[in-house]
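The structure appears right after this line, and notes come after that.
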Amino acid sequence: MSDVAITTLLMFALFALLGSGVWIGLTLAGVAWIGMQLFSSRPAGDAMAITVWGSASSWTLTALPLFIWMGEILFRTKLSESMFRGLAPWVSRLPGRLLHTNVIGCTIFAAVSGSSAATCATIGKMTLPELGKRGYPDDITIGSLAGAGTLGLLIPPSIIMIVYGVSADVSIARLFVAGIIPGVVLAGLFSGYLMIWTALNRDRVPPPDRHMSFGEKVYESRHLIPVVVLIAAVLGSIYAGVATATEAAAVGVVGSLLLSAVQRSLTWQTFRDSLMGATRLYCMIALILSGAAFLTLSMGYIGLPRHLAEFVTSLGLSPFLLIVALAVFYVILGCFLDGISMVVLTMGVILPTVTAAKLDLIWFGIFIVIVVEMAQITPPVGFNLFVLQGMTGKEITWIGKVTFPFFLLMCLMVLLLWWFPQLATWLPSKM
Amino acid sequence: MRRILDWLYDAAAWLAALAMIGVLLMVLLSIVSRQLGFNVPGTDAYAGYSMAAAGFLALAHTLKKNEHIRVTLLLGRLRGRGLRVLQMWALSAAVLLAALFAFYSVRLAWQSYALNDISTGNDATPLWIPQITMALGTVVLLIAFVDEWLLHLRARQPRTVPGEALHNE
Amino acid sequence: QTKWDLPAAYPATNFHSVNLEQFAKDVDKATGGKLKITVHANASLYKAPEIKRAVQQGQAQIGEILLVNFQNEWQIFGADGLPFLADSYDESMRLYKAQKPFLEKKLGEQGMMLLYAVAWPPQGIYTKRTLNSAADMKGLKWRAYSPATARIAELVGAQPVTVQAAELSQAMATGVVDSYMSSGSTGYDSKTYEHIKNWYDTQAWLPKNAVIVNKAAFNALDKGTQDALLKAGAEAEARGWEASKAENTRTQNLLKQNGMNIITPPAQLKADMKKVGDTMLKEWLDKAGPEGKALVDAYRK
Ligand code: NA
Ligand code: NA
């Protein structure tokens, strides 16, 4: 059977199962099963079990449940409310006002967490209820959260950079540093879009609170102290060499519990609720991750991503067209696979072409991170969309729709990166 | 019967929650041991096993709380018989897939035992022990899906799960 | 036409993976396209610890494993990870020859066969400190990634630290880890020179990657294809050992160019480490039983 026919059949199976309301994790496993049974010489069952176990017990993932738990604890403290009180006076002149909290929150939290799902879940747990309470509309708050959550990958530390660094044989330390400026620029694009959106939708943003003098603003900022202390503790534990980036999540949980105790919101009830809430949210993601791991294995056996990558590299394109083609390739792949799988499955084929085109591998790494970020928010398989569906109960198609402008902003970011490669290469060259 | 089933889902969920605490404790242990200069071999592996246990053992409970996500776009538009047919189809597919998942998870643990598969890390754990959580969790998930399937089959009206209707915009 | 999948754990650019690609091409050519082997490098199909089992159960017909990884299961798999038992390419080859009948027997019992094995470059000590004797290693934050490296730390009084390969770079930068043992090639690939400036060329051991084949899959091939596979394997083995030596020289030069001091261990350090090796050999022999003794006797003969 040709690749086109296999792809068509699998896509049909995917959309049929998803569309008829089969649970997403099971759908992915089902499509993987069909693909492997029909189009590979290996039986699917035992391979599925080995792979699912390997991915579910993989140590690199342990930060995810812990950060989710941290979010559930913080959600039950007064932390988010006080964070908003502290931030409000400073953003009151900015068009969009508190809408920027998602972007600011994700940018800061991205410096703590290496995963986009964890960033999205932790910040969303705090901002979504507060923004809703203050009358900000759902579509823009959820969209901006899904978009900004992806910054978890671009701003160091970042799991995907480690995976790319190992595959491409480039310095992970340099990659981390290279991500900082593009991360801040992308956050700026998100904020800029929020301002434009506000200008066009004035009536949809609640009116500002009363005007404050500078002194009052500074005084109100005292409410930011708990958040700043918590983030400083987590970041500090990484940079002081106390914890690795993955272990820092545990520092975050302990810090949140302490904070919760200090604020007197820690009771047996809130502890139990946060624990069970986190276990369920993590479990929901874990089922999808299991399905995705099996789908990756199945794709590895069938060889679809590899063949597609071989096709792209066989075109003999100019560097610019190569990047455009790769962007399209990864966006398509990203609709169905998660970021890490995409990198692992394709790097062996893509890298020689990239090297031959004399593209800087650090620069290319940042490019890859941005296209993987895009994959996080494209349906049907987009992890930030899943996290947000789990948290808000909104339909995934709707979340995909409200997130689309942020997808376009990331496309713009890729172009900026092409026109100004120094965005990625300047900082590492100073090391 | 109902009480036994609900007890089963809850018990598994409590074990999952304990495993979640286990992840935290294992990671903390690795931080603290480094600071205090003692060594507990295999904390990384144990954290991974605990995480797997947390994920698998909570599967049924999460399903019963309606927190496993799916696309309800079509389900939300149908009424009456159409809704019922589609629900039964989705549940049947889920029962089949959950059965495969459970069967091969049990087989994984069994074969790990038979093949004497031992962790390659510093923990040197026989892998069938942590894999029991995967076998157990997926079997309980299968039971929960069969349970849901029967509940839907017996119901006179199409069952709408609380909150699900709200998910559509 | 038969299609085989070959999972491997190391990136496509690693010399082992390059060798595997060449091996797959050779097989393709020698069998006139009758046996096609697809190499899945970079752990893209199965992760390192899963590959042996995948081959054993037939999920993959052939695969590449790091033998010492499976020491927990059977001590003989870890013989090439014993410090200072075989500390040069020649001795490593002799150890391999002594180890081979044992490996073939064990893998045979598990429904597999050994096609070929290639040594990694010799292991040395990366450290931020200057070492004159083992006493200088006291209190080092030592990355312990295997039972053997953890035991070395204990014996020299260093603090064994658990850090995953993925986080090694950051852990070195922030001081979570200030020393570990590895080859020049792995140290270069992981950019250790960005954080650590000394490498003591102790040549402690040369771990081997082995390519293993599922016996049933092999038996299903016709005689001509089997012979072509075995021949290509033998060639890959010879090529691989040479590639390993070349990689050792190449990466040591690259390390030097990047500011790494490559240091021949001082006499005292060497003597102390030899003692560590003797202790570990004794402990290993206790665990490995008569098989272990037979292996060491055959090697030392
Ligand atoms: Na990050
Ligand atoms: Na996607």
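For all residues, glycine too, the Cβ spot is worked out from N, Cα and C.
The shown structure was predicted, so the numbers you read here are calculated from the model rather than taken from an experiment.
Looking at A:56-75, A:216-235, the range tied to transmembrane segment in TrEMBL is A:56-75. Each of A:12-36, A:322-349, A:361-378, A:398-420 was scored by its Cβ pairs under 8 Å to the transmembrane segment (A:172-200), and the highest score goes to A:398-420. Averaged across the domain 'TRAP C4-dicarboxylate transport system permease DctM subunit' (A:13-423), the predicted model reaches a pLDDT of 88. Contacts between the transmembrane segment (A:56-75) and the transmembrane segment (A:248-267): present, as 3 or more C-beta pairs lie under 8 angstroms, all at sequence separation of six or more. Panel annotation: around the transmembrane segment (A:398-420), residues 138-140, 142-144, 146-148, 150, 182, 185-186, 189-190, 193, 197, 320, 323, 327, 363, 366-367, 370-371, 373-374, 377-379, 382, 384-385, 388-389, 392 of the same chain, lying at least six beyond its termini, place a Cβ under 8 Å from a Cβ of the stretch. Tertiary proximity for the transmembrane segment (A:248-267) is limited to same-chain residues at least six positions away from its ends with a CB under 8 Å from its CB atoms, namely 62-64, 66-67, 69-70, 73-74, 76-79, 112-113, 118, 226, 229-230, 233-235, 237-238, 242.
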